[in-house]
Structure formats: structure tokens, C-alpha cells
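Novice: The feature disulfide bond is assigned by TrEMBL to 159-192, 160-177. According to TrEMBL, the transmembrane segment annotation covers 12-35, 56-84, 90-113, 204-228.
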């Protein structure tokens, strides 16, 4: 059994979209691994203070992205093979997996949109806890640990303080903030709160853009898969 005419064109279009889907899975997997091992975010999220690890909510979304990328590559290969072989069984399985992936992506998108500010807020709270301890007038091991945490934040983000710093912090800002050149010394340091918001907003926008592109490809693939399945079912032998 084989498809002919316009249905044959749909077959090759489905193969093409599946190949793009497979490539997109590889790209998403690569981007997710880059986000996981990015020096800027890793240096912040590896910090510990008073026995607590920096919030890792951001890594949850990254791990989900890694899993999605890997599954996309497997499903994309299955779709390519099913289209070339004109197998209703493979195409039906592929369609079912696509629907499951699409549903998971929609659910993840809703969760991500509703929690889009959670990651930066958690990191800001973590920074503020270290900030408050660093200006404590009593020297202690916690204060030393807090100062080290602030130094990592300041060096990584090239920022200093919260923007509305207390007089006590301004007294020690010279030792905690990144060293400036003579030209930069006249400029007001950037708030670490704003830097944290910008950092994670940029990363989350990248994840959201990748998810949107994948969703569009999946919609076209589901349409072409259904059309090709119907064409294979109605096809007659060609001699």
C-alpha cells in the first residue's frame, strides 16, 4: 500500500517537519544543558548560607527542558520512520505521543507563567538574608559566610546592594562591592535586585520562546499525521 499525489506530498512534508522536530529537540537539549551549566547562574545557585542552599526552582524548569528535548528527539525519529514506512501503527503511536507532549507543554507553560516571578523573588530573599547578616555588628561565622555569599553575587552580577542600602552597608560597601576604575567610580552601583530580575527573566524568556516554536511545529505535525493516516487507510495498491 502506498500513497500517491497530494498525499505523497503530505508524506514528505510530515517527514520534513519531523526532521525539524528532531533537530529542535537537539537544540532544546543543548540549550537546557547550557542553562544548567551556565557559569553565571551556577555560581549563584550553588551558594549556601546558614545551612540552606540557594533556591533551585530555576533548575526544575531546566531539568524539565532536558527531558523534553530528549523525548522530542526520540519521538521525532519515530515520526520520520513512520512517515517513510507509511505505517499506521507507528504514525498512530507518534500522534499519541505528540498529544501527550503537547498537553505537558501547555501544563508546563501555565505553571511557568503563574510562577514567572517566583525564581527571582526566591533569589532576592536569599540575597537579602545574606545582606542583613553581613551588616551585623557582631562578628560570627554566619557573618563571614554572608559576606562571601554577597561577594559572589556582586562579582557575578556586577552589582552592589539593594538600591536602598542602609548606612551600615554603605560603610562596608567598599570591601563587598566589585572594584571600580576611576571612570566607573563616579557611577552609582546597580541594584542586585534589578540584576537578579533581569537575569532570570532573560533565561525564562529563552525557555518560553523555545516552547512556543516547538508548540507550533507540533500542531502542524499532528495535522499532517492525521491526514497521512487517513490517506494510508484509504490507499489502494499501486501496480
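From the backbone N, Cα and C atoms, a Cβ is placed for every residue, glycine too.
Please treat TrEMBL annotations as automatic predictions, because they have not gone through curation.
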Novice: Who are the chain neighbours of the transmembrane segment (12-35) in space, where the CB to CB distance is under 8 Å and they lie at least 6 residues beyond its ends?
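Specialist: Sequence-distant neighbours of the transmembrane segment (12-35): 41, 62-63, 65-66, 68-73, 75-77, 79-80, 83-84, 203, 206-207, 210, 213-214, 217-218, 220-221, 224-225, 228.
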Novice: List, in sequence order, the same-chain residues at least six positions removed whose CB sits under 8 Å from that of residue 159 (disulfide bond)?
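Specialist: The answer is 153, 189, 190, 191, 192, 194, 195.
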Novice: Does anything in the same chain, at least 6 positions from residue 177 (disulfide bond), have a Cβ under 8 Å from its Cβ, and if so what?
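Specialist: In sequence order, 154, 160, 161, 189 meet the Cβ cut-off.
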Novice: Within 10 Å of the Cβ of residue 160 (disulfide bond), how many other Cβ atoms can be counted across all chains shown?
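Specialist: Excluding its own Cβ, the number within 10 Å is 24.
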Novice: Take the Cβ of residue 192 (disulfide bond) and count every other Cβ within 10 Å, whichever protein chain it belongs to.
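Specialist: Within a 10 Å radius of the Cβ of residue 192 (disulfide bond) lie 26 other Cβ atoms.
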